[in-house]
Every structure is written in structure tokens, then in C-alpha cells.
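First the structure, in the form of C-alpha cells, and then the observations on it.
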């Protein structure tokens, strides 16, 4: 946790603060930029590290290793150190709420966010489902990294939207793949295992009640994330449609004198065109 706090401070001081001084962000963008900057660095590091473990231990070439020879209470050093580092990082996020002077209205969202990570990572570690947990973490971290890096580019240029479109597709695919792997491992692989007795000494938790609890927690979390995702997309579409909405046309009024002349200058039949609305008002000619 202390190492995570120090690294967090180094990234904030020597990278993010310098960019903030150049970009002159508002207070809202400033806090969101710092959040995305810190999380994108962590997600990238954890995703690369986790992928290296998956390749070195042949998780990709042999998917049955997710449930074969359960309980997985014997871990390699890099696997155990990966889980300890994950728990340490998300535990360090609690004091960072004070150090970063997080707004009171943002604290409940951050607590839910941190709590979900700690619950699932600690659950996979304690229930000896570290193989499944590692695969799901790498998958989730990759999608989250894409979102936060897209948000960083969006803050530098608000016209940048391609990253969010790609993230939206991968987010839905990530949720589906998470559910498929979870059901395949817990619902089919572990359900067909020979040893299905609760044994704390050997770390065997392969019983029906635990399997149902694991699947229920994963499904509820994925449903919660999809609900937040749909609300986020609806808000973006609403803002985009409001921004792109054409100007409301006003009904022309018949006036004397120069009204007909102004109508021909601004548009057809007295309606105001975009060019006329954006251009400066023409000077009045002196009457002869």
C-alpha cells in the first residue's frame, strides 16, 4: 500500500500536474483527468502483467486449466504477488480519497467502485479461484484501460469520439465473455468435479451453495455495470442530440419598410439561415 501511494504521488506530481498546467482544465475536468490518468496507468501495467502470467502458465492454450485440479491453493510466486499487488492498490485508494481532496458527492461512487474490486479480487483469492479471477481481471482491465485512455484524449480534443465507440462495443463483448467464462468454469467445470465436499484444510469450496453465490455475485455485478453503461450511453446521446439540434425556425412577421429586405438577406421567405445567424449584422445604409 505504501509503494502504491508513493507511485500514485509520483505520477500525479511529475506527469498529470504538468499536463494540467498546460491545458488549463476546469475543476471538474481537472479531477476527472487525474482519475483517468492514474487508472489508465494502473490498468495498463496490470493488464500487461496479467497477460504475461497467462501466457507463461499456458492459460490461453488450455482453457480447462480454469477448473481442472481444483482447488488451486498452490500458486506460483508471480501469481501470488499479482493478487497481493491488486489488493494493495485498491486498499490504497481509500486514503487517496483524502489525499486527492475528492468531492463529497463523488465519494459514494468511489467507495462502491473500490468495494466491488476488493470484494471480487479477495473472493477469487480466498476461494482458490485465482485462475478464473486472473482471466476475468485481465479482460476487465483491458476494457477499462481503453475507456480511460479515450477520456484522456477527449479532454485534450472534445471532437475525439472514436475511442468511446470502440470501448462501447468491447464493453458489451467483455460482459458477455465474462458471463460465458464464469458459467463454463463454475457452472459446468466445477459442477462435474469429483471432489465436491467443503474442506477448509485443503481449501476446497466446491459445493453447490458456494457455486451459486459466486455465479450470483458475478451476474449481479455484470448487470449493475450494464445498467451504468446504458445510462452513460443515453446521457451521451442526449447531449449529442441537443448539441446537434437545428435552430428552431420562427414564424415570420409582416412589417413595413425594410422587413422584406432583411428577409431576403437572411434567408428565404423570412426564415433565418445558419449563415445569416452566424454572420455579423449588416450596417444600415444611410438614407438618401
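Cβ atoms here come from the backbone N, Cα and C positions, even for glycine.
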> Can you check which of 41-61, 251-271 TrEMBL lists as transmembrane segment?
Replying inline: 41-61
> Between 1-23, 208-230, which stretch does TrEMBL give the note transmembrane segment?
Replying inline: 208-230
> Taking the transmembrane segment (111-128) as the reference, which of 41-61, 134-154, 208-230 gives the largest number of Cβ pairs under 8 angstroms?
Replying inline: 208-230
> In the same chain, which residue numbers or ranges, 6 or more beyond the ends of the transmembrane segment (134-154), come under 8 angstroms Cβ to Cβ?
Replying inline: 32-33, 35-37, 39-40, 43-44, 46-47, 50-51, 53-54, 59, 66, 79, 82, 86, 120-121, 124, 160-161, 163-164, 166-167, 170-171, 174, 177-178, 181-182
>> Please report, as numbers and ranges, the same-chain residues at least 6 past the borders of the transmembrane segment (208-230) whose CB is under 8 Å from any CB of it.
In response: 116, 119-120, 123, 127, 129, 168, 171-172, 175, 178-179, 182-183, 186-187, 190-191, 196, 198
